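As recorded in TrEMBL, the features of this protein are as follows:
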type	residues	note
COMPBIAS	309-318	compositional bias 'Basic residues'
COMPBIAS	340-352	compositional bias 'Low complexity'
COMPBIAS	371-380	compositional bias 'Basic and acidic residues'
DOMAIN	4-123	domain 'PX'
DOMAIN	155-214	domain 'SH3'
DOMAIN	225-284	domain 'SH3'
REGION	285-387	region 'Disordered'
Amino acid sequence: MGDTFIRHIALLGFEKRFVPSQHYVYMFLVKWQDLSEKVVYRGFPEIYEFHLKEMFPIEAGDINAENRIIPHLPAPRWFDGQRVAESRQGTLTEYFGALMSLPVKISRCPHLLDFFKVRPDDLKLPTDNQVKKPETYLVPKDSKNNSVTDITGPIILQTYRAIADFEKSSGSQMSLATGDVVDVVEKSESGWWFCQTKTKRGWVPASYLEPLDSPDEAEDPEPNYEGEPYVTIKAYTAQMEDEVSLQEGETIDVIHKLLDGWWVVRKGDVTGYFPSMYLQKSGQDAAQAQRQIKSRGAPPRRSSIRNAHSIHQRSRKRLSQDTYRRNSVRFLQQRRRQARPQPQRSAREQAQTGGTKPQPAVPPRPSADLILHRCSESTKRKLASAV
């Protein structure tokens, strides 16, 4: 059996999704060497962070720009950046097509093949209980050269404002000054949001951003006191009273997934905030999560930001841990009562309550003396003559 490699990659379009919050994913058709064709979905932040320069610094032009053969990633049409003229020369289809035409050591490297392998999320279909189903937009064919053009719309990004200065600590992050207005491309559950301005783009902590029309995050879900089971993949020691300390490998219930990356978790009857980056569902591969922890770490909480300046008069609405704890205890008590075995009932009780309408009880048969005492004189005479 020959080596695995990709024959062709084509951009089909994009999907607008609403779970866990509004974001967009590109749809790619990947054709493999065994003639199989797979559709995979990748978000722009993931494509933006995909690069080969660490593995191939010479071919990426890091040592000498004249030796660069790996193409530049084209910016999407909805991004107005400082490299517009250069980055818009090609589409994503042309970009990945150029990668496929590079020497085999690059075009068939494990990093590129793993990026386009089918993942479990690629096979998930929208559930019936989703309030808003994904919206799919296929890219039209260009009638002149029969090639797929880049996405031009209708992508509408949400606008937020920075409440404090933020200095980036890695190349994938973006620095902000108080009052900067950014467009949010994707809200990751980790609490790191991929944002852009007219001149730059990168990851920013959600805690440093606020909506323009309200201090509250409209896409924050409601608490779920039934809870979802998760496993801690990194230990954390509480820094504030409303946080909870957990060791690596502990199983907990998540009862409120907040978009700032600090989820409310329950361990027994104790609740508190915990970084979502340090949590993962049981059975999932923790390698990717560990890489994110290593590259960015948990985002800061808003309560830890100094010199924050909001444009709104009131602060963001948040439930207290006392409220979470009371509601959680109430839910657990109710679930325990429902789980208790019901006492055994007699056959008569079951007969009385088993149907839709309770049946009347059959009275006991009266004695012969009682019948003679209560019957009429005519009946008494007939009984006497019969005897």
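Here the Cβ of each residue, glycine as well, is placed from N, Cα and C on the backbone.
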- [ ] Take the compositional bias 'Basic residues' (309-318) and find every residue of the same chain, 6 or more past its ends, with a Cβ under 8 Å from one of its Cβ atoms.
- [x] 161, 163-164, 178-179, 210, 212, 214-217, 302
- [ ] May I have the DSSP-based helix, strand and coil counts for the residues of the domain 'SH3' (225-284)?
- [x] 3 helix, 28 strand, 29 coil
Task: the domain 'PX' (4-123), counted residue by residue under DSSP: helix, strand, coil - done: 37 helix, 29 strand, 54 coil
TODO: Over the span of the domain 'SH3' (155-214), count residues by DSSP class, listing helix, strand and coil in order.
DONE: 3 helix, 28 strand, 29 coil
TODO: Mind tallying the compositional bias 'Basic residues' (309-318) by DSSP state, helix then strand then coil?
DONE: 0 helix, 0 strand, 10 coil
